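*Asks:* Sharing the record's features from Swiss-Prot:
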BINDING   Cys654, Cys657, Cys686, Cys689  Zn(2+) 2 binding site
COMPBIAS  151-169  compositional bias 'Low complexity'
COMPBIAS  217-231  compositional bias 'Low complexity'
COMPBIAS  791-818  compositional bias 'Low complexity'
COMPBIAS  962-979  compositional bias 'Polar residues'
DOMAIN    22-123  domain 'PH'
REPEAT    407-458  repeat 'RCC1 4'
REPEAT    524-574  repeat 'RCC1 6'
Amino acid sequence: MADLVTYSNADHNLEQALITLKKGTQLLKYGRKGKPKFYPFRLSSDEKSLIWISSSGEKRLKLASVSKIVPGQRTAVFQRYLRPEKDYLSFSLLYNGKKKSLDLICKDKVEAEIWIGGLKTLISTGQGGRSKIDGWSGGGLSVDASRELTSSSPSSSSASASRGHSSPGTPFNIDPITSPKSAEPEVPPTDSEKSHVALDNKNMQTKVSGSDGFRVSVSSAQSSSSHGSAADDSDALGDVYIWGEVICDNVVKVGIDKNASYLTTRTDVLVPKPLESNIVLDVHQIACGVRHAAFVTRQGEIFTWGEESGGRLGHGIGKDVFHPRLVESLTATSSVDFVACGEFHTCAVTLAGELYTWGDGTHNVGLLGHGSDISHWIPKRIAGSLEGLHVASVSCGPWHTALITSYGRLFTFGDGTFGVLGHGDKETVQYPREVESLSGLRTIAVSCGVWHTAAVVEIIVTQSNSSSVSSGKLFTWGDGDKNRLGHGDKDPRLKPTCVPALIDYNFHKIACGHSLTVGLTTSGQVFTMGSTVYGQLGNLQTDGKLPCLVEDKLASEFVEEISCGAYHVAALTSRNEVYTWGKGANGRLGHGDLEDRKVPTIVEALKDRHVKYIACGSNYTAAICLHKWVSGAEQSQCSTCRLAFGFTRKRHNCYNCGLVHCHSCSSKKAFRAALAPSAGRLYRVCDSCYVKLSKVSEINDTNRRNSAVPRLSGENRDRLDKSEIRLAKFGTSNMDLIKQLDSKAAKQGKKTDTFSLGRNSQLPSLLQLKDAVQSNIGDMRRATPKLAQAPSGISSRSVSPFSRRSSPPRSATPMPSTSGLYFPVGIADNMKKTNEILNQEIVKLRTQVDSLTQKCEFQEVELQNSVKKTQEALALAEEESAKSRAAKEAIKSLIAQLKDVAEKLPPGESVKLACLQNGLDQNGFHFPEENGFHPSRSESMTSSISSVAPFDFAFANASWSNLQSPKQTPRASERNSNAYPADPRLSSSGSVISERIEPFQFQNNSDNGSSQTGVNNTNQVEAEWIEQYEPGVYITLVALHDGTRDLRRVRFSRRRFGEHQAETWWSENREKVYEKYNVRVSEKSTASQTHRDRDEEEEDIPH
């Protein structure tokens, strides 16, 4: 059941309680036959009857016939299945002259208080203010304002009720709570954090049930909203449904305790789910921002929730809020009528026409309209230019705000970039300023986009029959990019400009997105303009340059409401159906997936709901549905899968929420179900409740592990040992006494509200020591056992969640007394010191754990990065290796092909292919470039050859001759350089390699003058190249124009040949060389002397 939010106004609190009763809940009903069963109970709209749906149909109990309300399990019907542990959650309504009773058990303590207090108020009012609650002194449930309200969780709500003589007119009076200010986000309460309930003669405390303390922002339970008659709409309550990217109460802690920061997570809700609130609300209007939302109830109260940033929630505290929370500072002074949310601020309009703003003002001087960049954490009224004006509505963009007065005057303020304020310039306005170009005209609607604004302005139109009527025309201004202004171009407009393409239509509502504008005519037609991305225009044929009509499924519908998110649109028709289209990320369209929709598509999950209002946030959507009570037909089908019960599909009740489910949807069991007879046994729960209870169990286990006795340091261990020695003398008897009390309480199986941890100054220390020894602090705080017999033997009295007078002896319940317990003062002091030591050790160990965890996370990230880099390097190496292998194979193949071609040439055929395309000759040598410079690979090859062949030897054709003189070398070099261009295929490759290499060589100096002349004649030389005959032997050949070849020189490697070895080799292999290369041989081929020319060697060999 929902928790109470406290107010200072008694009428508000009474109305809040009645709203809760009208919405109803699942209660466990006892009968005269059979076992107890779950039924939905609610209060009728006229507040005169109590209605529930049983297996035989709807039943009613008129409150006028109820003569008495009896808390506890005292009737004979309860005795059939007595559950003492649920005594404080039970009550009975006696009617028909106390002859019959309606016996019920509530889910938790707060729910019981609301039902008992609300029914008591109605019965007392109906019977002249005479109280009918047994044991109550005629007063209602009220609050002692002088007492301090306590809570064990930041998000919990507590109330203190006093048993006094309050007037019947104000029976349900609860004071507001001031939550502690903290920079940490609001952490959901857990089962281990439930405060112990202390009862005395004057006060009691209420706390949210542990089973409901851990909640997600949206509920998985199906709502009972459905279509109803128009006559009931005024009395129906408003439920909020929400879908898209929604804030979740799973908080992630980053860093160690000293520098810890908290990250609030968000979850994607793909279909509409009812918003789960800590209170039961009647929502009238809702507004959605980027990371927060707000709504206004029918009672004029404003609630906000979401991620806190600069005070935009208005609670005055710097922490996130997961469930709607009352903005107390504004509700206490004014009744709110309208609310709007921007990205960093929030605006609210009261019934008195006052405008309040709050939020982060540091982003822009004029964002809040107060003339400064100061952030306001609570609502602040805007005066100045609005003094004396009645504000009717307001619209918020990320950086500017627009408002309309009751007389239709339009004011804007904030950042004026792109002329978004409509004042004819781009200046920032710090206070609300009227748009002068629309002065004298009545503005009926306005909407703020990111950098553009749109408004509907009434224009007097003269008809053909000379009559004048007012018609709403669409005006836009600001940034014209993406055609969002609808003027057919992308130019900005600094002042409001009427959209000419829509001049013939009568508009009355407008909405703006990021790059989108949507208008609604009085005839129910929807026009869109702007970017076509994600299909947000809802028309497949448009290019977005001009406004287009949204038809398709809306062609036969009458649209009543429209709303825009950043990139999606929602429309509400007259048949209360919701259509959405545009971007589908995060499930913001509500169709159960993440797909975009380019045409309007109905939201099936809301098809059987009566929707009365819609609102879009940046990436989520919300709707207000009229709440209708569960019908008999809905009781005959599963609350989750909506399938009807039958012979094979049996119905089961969830022991946590009480709703009916089939076996498939409630096949799991869990401990600590709210409506379970025993918390220590497994009971059937639905799937959604199982998830919630599992989370609570996990948190409890974590808390138990954290509360275990830590390993002590040396200094603290010595201190603890000394304390144990002092306690050993007399501590045994006291611990035995506590164990005996626990064993008796376990047999009795009851909980007490009077055995409080805060009642006696000595008992808390004993209990704390016991918790430290048993490593079970959380369990001890959650359930302090009730004793069956008081040690002092005093007379027992009844115990109930409400403080009241003694009941008759027959219904008395034993209560413990602490008067018989006595412990020396030294024990309490020693246990306090021990507890402090343990707490210090826990803090140290937690700090170490957080530090090590953080280091481990960093190292894991670094390891992942290293592995990723290694994989990338291996992939790159493998790729390069594959390329290298392929290149080598290609080279080998080309060389083999070239050799085959050379072998096939007939004798005497000139060789035309002196080099390959890649610059390699047949033997793999690289030719230099045309400019005389060699490539790097050629240079390396040339250098290698030069290093192994440093000697030059000259020879005559078929004979040895004198070496060339040094002065002949330049001529030979010149001759060689001039011979190469004769072949066009060699001209691109430059001179041959022999120009740079003049190693151990023989020159062909034939005595045949004609032969020598033929070689030296540059006109007869066609090509020259070098070939390797065998390792260490390099042959220089010349191709002549007549098709013959001549041998120019032979070079030998110094590493393989000496001077005489080279001469010997040549004399032995000369004929073979001539025969192999088909070189003409001179008739005079006698060898001549050979000598070594050192000067030529030094000149030709490169250094």
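Glycine too: its Cβ is placed from the backbone N, Cα and C atoms.
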*Asks:* At a 10 Å cut-off from the C-beta of Cys657 (Zn(2+) 2 binding site), count the other C-beta atoms across all protein chains.
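*Replies:* Its Cβ shell of radius 10 Å holds 26 other Cβ atoms.
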*Asks:* Counting only residues 6+ away in sequence within the same chain, which have a CB under 8 Å from the CB of Cys689 (Zn(2+) 2 binding site)?
*Replies:* Cys654, Asn656, Cys657, Ala670, Ala673
*Asks:* Taking all residues of the domain 'PH' (22-123) together, what is their mean pLDDT?
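*Replies:* Looking only at the domain 'PH' (22-123), pLDDT averages out to 83.
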*Asks:* So, three-state DSSP: helix, strand or coil for Cys654 (Zn(2+) 2 binding site)?
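*Replies:* DSSP assigns Cys654 (Zn(2+) 2 binding site) to coil.
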*Asks:* Report, as a single number, how many Cβ atoms besides its own are within 10 Å of the Cβ of Cys686 (Zn(2+) 2 binding site).
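*Replies:* Taking all protein chains shown, Cys686 (Zn(2+) 2 binding site) has 29 Cβ neighbours within 10 Å.
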*Asks:* Suppose we draw a 10 Å sphere around the Cβ of Cys654 (Zn(2+) 2 binding site). How many other Cβ atoms does it contain, all chains included?
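*Replies:* Cys654 (Zn(2+) 2 binding site) is surrounded by 29 other Cβ atoms within 10 Å.
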